[in-house]
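What Swiss-Prot says about this one:
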- 133, 169-171, 177-178, 207-214, 241, 304-305: ATP binding site (BINDING)
- 244: substrate binding site (BINDING)
- 305, 307: Mg(2+) 2 binding site (BINDING)
- 305: Mg(2+) 1 binding site (BINDING)
- 137-338: domain 'ATP-grasp' (DOMAIN)
């Protein structure tokens, strides 16, 4: 039987490049190679595409070939340059492990759409909406979902610090893994936080801090028949959750404890799962997403953010939540590819 050819993309130009490589390493180690034939496409930090033997920390130094994904639907694959000539490598389905800008904002999804190649994960629209936290909140609020109070600060805006009630969080509107995020406890800290966030995006979000515990829910599926993982819970000792920025995240977070399943009642976990599914549907997600929320003391659930391409590293939350629900990583990868092929 011919194996299904899966193009696995990783790396990229965003600040989450290294996280993406780690995700691809785990996907490569757990994909069923009897059923699938993986083709590994690494993208350098400067945006150069290369076909390589496998994802690893030093993948660029391995035997690589220049490669591009053709937008020609008839070609349905990759153009790979070998011995000064291009050859066509047919692709049946694409699995992007690209995180952050260009990876989960609709950009690469647009290229997949042009190429006619089915792909794992959310479409252009839902990817773009979920990448921009302000748009996420607008759509969610219209669906009756609670969100933090928020203000959008554009490139030339100079907000008056005294108008806010502190603490607030300042975030790049379109970034991930907590890059550029700062908690601001007083008015005199605001300008610095905004300038820090502007290193990652010209559009900034100021959010009113929300009390309660941080929880998350992994969602899998394309339609009404959605599968959810076990709810997880993040207990912060200080600062913000930023495991992907830490030196040795494989050894555990420096400032947080993640519990799966969350130390909550069955009723609370069930409400969180149902809310996650409601958010997923409202935003038009498909394939997969991790929905992060706050559970307040009064039982109210407030949306934090939606990650349409969550990490697949050994320490990432999405695969851990699914594993706790009985779906190990090899099965999860298989399900995602099958969902992509079904459309």
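The backbone N, Cα and C atoms fix where each Cβ goes, and this holds for glycine too.
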Practice task
Based on Cα distances to residue 307 (Mg(2+) 2 binding site), point out the closest of the binding-site residues 133, 171, 207, 210, 213.
Solution key: 133
Exercise for the section: Return the residues near residue 305 (Mg(2+) 2 binding site), defined as same-chain residues 6+ apart in sequence whose C-beta is under 8 angstroms from its C-beta, sorted by sequence, else 'none'. Expected result: 130, 133, 136, 292
Fill in the blank from the handout: Cβ-Cβ distance under 8 Å, sequence separation of 6 or more, same chain as residue 210 (ATP binding site); the residues meeting this, in order, are 148, 294, 296, 302, 304
Practice task
Return the residues near residue 207 (ATP binding site), defined as same-chain residues 6+ apart in sequence whose C-beta is under 8 angstroms from its C-beta, sorted by sequence, else 'none'.
Solution key: 148, 149, 150, 168, 169, 170, 171
Problem - Other CB atoms, at most 10 A from the CB of residue 213 (ATP binding site) - result: 17
Problem - DSSP state at residue 207 (ATP binding site), helix/strand/coil - result: strand
